[in-house]
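Each remark here refers to the structure printed beneath this line.
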Amino acid sequence: MVREQYTTATEGICIERPENQYVYKIGIYGWRKRCLYLFVLLLLIILVVNLALTIWILKVMWFSPAGMGHLCVTKDGLRLEGESEFLFPLYAKEIHSRVDSSLLLQSTQNVTVNARNSEGEVTGRLKVGPKMVEVQNQQFQINSNDGKPLFTVDEKEVVVGTDKLRVTGPEGALFEHSVETPLVRADPFQDLRLESPTRSLSMDAPRGVHIQAHAGKIEALSQMDILFHSSDGMLVLDAETVCLPKLVQGTWGPSGSSQSLYEICVCPDGKLYLSVAGVSTTCQEHNHICL
């Protein structure tokens with residue numbers, strides 16, 4: 001409380017003070033003062049609680065000058081130790097693991113990796129789901145350690161760059177269209193079978209088709225006819241013995257039949273030719289073919 005008194009004094013003159021003195025009170029009193037103190041006390045309590053929560057959060061989250069917990073900030077980017085769970089999409093230029101450990105990506109639903117262009121459109125996608133792995137791109141390629149293409153797929157063709165393509169399934173390999181390859185070979189001590197259940201099987205090559213069995217036999221079975229046709233060359237059966245075990249045996253017919261009969265003749269070099277049959281052999285008469 002402040003009191004102000006106005007008194008005029010002159011040297012040598014005494015002036016009596018007035019009986020009524022005016023007192024002016026400046027400040028906050030009563031319930032307003034109590035509310036102000038209560039508000040200040042509440043601010044102090046909130047400040048202390050905030051400071052305590054800040055210290056607790058810093059301690060729980062493992063904040064340090066290098067980063068937060070297992071997440072460290074380096075000059076090359078962010079380094080994350082241990083296992084982490086991302087609840088929202090992760091955008092990064094490069095993700096790699098430590099030198100002494102592998103990189104593991106897992107999810108309860110699927111793992112999707114997208115590549116986008118400058119306009120935000122998806123240009124490539126790799127989706128690993130519970131039932132299949134889906135790749136969406138113009139070309140899919142697998143390379144070896146030295147950069148050699150091992151497997152390439154695009155809209156036009158599938159290229160296998162390995163030295164050998166091995167199919168181990170019990171049903172083999174099923175091709176709906178043509179297959180182009182320089183060699184078809186079975187595993188050692190296993191049979192090689194080429195089959196077309198409902199259509200024909202064709203093997204074409206501009207410089208010849210070579211079929212060889214080193215330790216077994218080659219068998220061709222057909223319900224209908226088996227035809228060997230050579231337009232410009234000849235058919236060669238190169239073997240010590242040529243057997244035709246199921247040839248139909250002829251029967252005696254009426255004499256003087258007009259039906260033309262021929263006999264098979266063999267040249268010294270193995271060439272076969274037909275000769276008109278007679279009472280005796282006529283091969284000698286047509287042996288000019290062997291010359």
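Note that the numbers count up from 1, one per residue, in the order the chain is shown.
Each residue, glycine too, has its Cβ placed from N, Cα and C.
Listed features, source Swiss-Prot:
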| type | residues | note |
| --- | --- | --- |
| DISULFID | C265-C290 | disulfide bond |
| DISULFID | C267-C283 | disulfide bond |
| CARBOHYD | N110 | N-linked glycosylation site |
| TOPO_DOM | 1-37 | topological domain 'Cytoplasmic' |
| TOPO_DOM | 59-291 | topological domain 'Extracellular' |
| TRANSMEM | 38-58 | transmembrane segment |
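This view paints the features noted in Swiss-Prot onto the structure.
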{"residue": "N110", "record": "N-linked glycosylation site", "CB count, 10 Å": "13"}
{"residue": "C265", "record": "disulfide bond", "CB count, 10 Å": "19"}
{"residue": "C267", "record": "disulfide bond", "CB count, 10 Å": "13"}
{"residue": "C283", "record": "disulfide bond", "CB count, 10 Å": "17"}
{"residue": "C290", "record": "disulfide bond", "CB count, 10 Å": "13"}
Rounded Cα-Cα span from C267 (disulfide bond) to C290 (disulfide bond), Å: 6
Spatial neighbours of N110 (N-linked glycosylation site) among the disulfide-bonded residues C265, C267, C283 [C-alpha, 10 Å]: none
DSSP state at C283 (disulfide bond), helix/strand/coil: coil
